[in-house]
Amino acid sequence: MVQSKLLIRRQDGGRQLHAQMKFPHDYPYSPPTFKFLSKMWHPNIYDQTGDVCISILHPPVDDPQSGELPSERWNPTQSVRTILLSVISLLNEPNTFSPANVDASVMYRKWKESKGKDSEYAKIIQKQVQRTKADAEKDGVVVPTTLQDYCIKTKTQTPSHSSQDLTDFYEDDDYDGDYDEEEEEEECYYDDEDDSGNGES
């Protein structure tokens, strides 16, 4: 079994989340597992273990009681990229209809339906954000907290002398060569000194 550790940074106050993926020996025919090592309070993450409950990571078996379509489950065409996109999407939009953490699901629905007036869920998340920021500071990492921080422009690199100049490429193509020959033919055709050979100069 191969395992890989991940770091997910989120803009929601500067949260840094540690996670782990484990790939079985028969990957990609069987799905990997995805687990958060950082403490998470989320409807679709098991509170005690940190395991993520998401359709894309469920084996492709026919299970009518799960409420999932076979097309929503794992298949070998999925990749690490599609898993990460699905997990990040799940963090933004929890699925409260099949929760892994029922208490978090109930709390999240109350928060959402009250449009933030019921703040119990938000307070727990804020505590987790502060905890992960403190952990990041211990590691010497500055976590971006705003959109501007995430979108810092880097200096434009000047092209090196070794980079290929495409001007030469376009100057040497066949079309330009044909065009030059046509120009030469036209010049010969209209040349006053040209004798066509019919005796009419």
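Note: Cβ is positioned from N, Cα and C throughout, glycine not excepted.
From a predicted model like this one, the values you see are computed outputs, not experimental measurements.
Annotated features, as they stand in TrEMBL:
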ACT_SITE  Cys53  active site, glycyl thioester intermediate
COMPBIAS  154-166  compositional bias 'Polar residues'
DOMAIN    1-134  domain 'UBC core'
REGION    153-201  region 'Disordered'
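Broken down with DSSP, the domain 'UBC core' (1-134) shows 49 helix, 25 strand, 60 coil.
A sphere of 10 angstroms centred on the C-beta of the residue listed as 'active site, glycyl thioester intermediate' encloses 18 other C-beta atoms.
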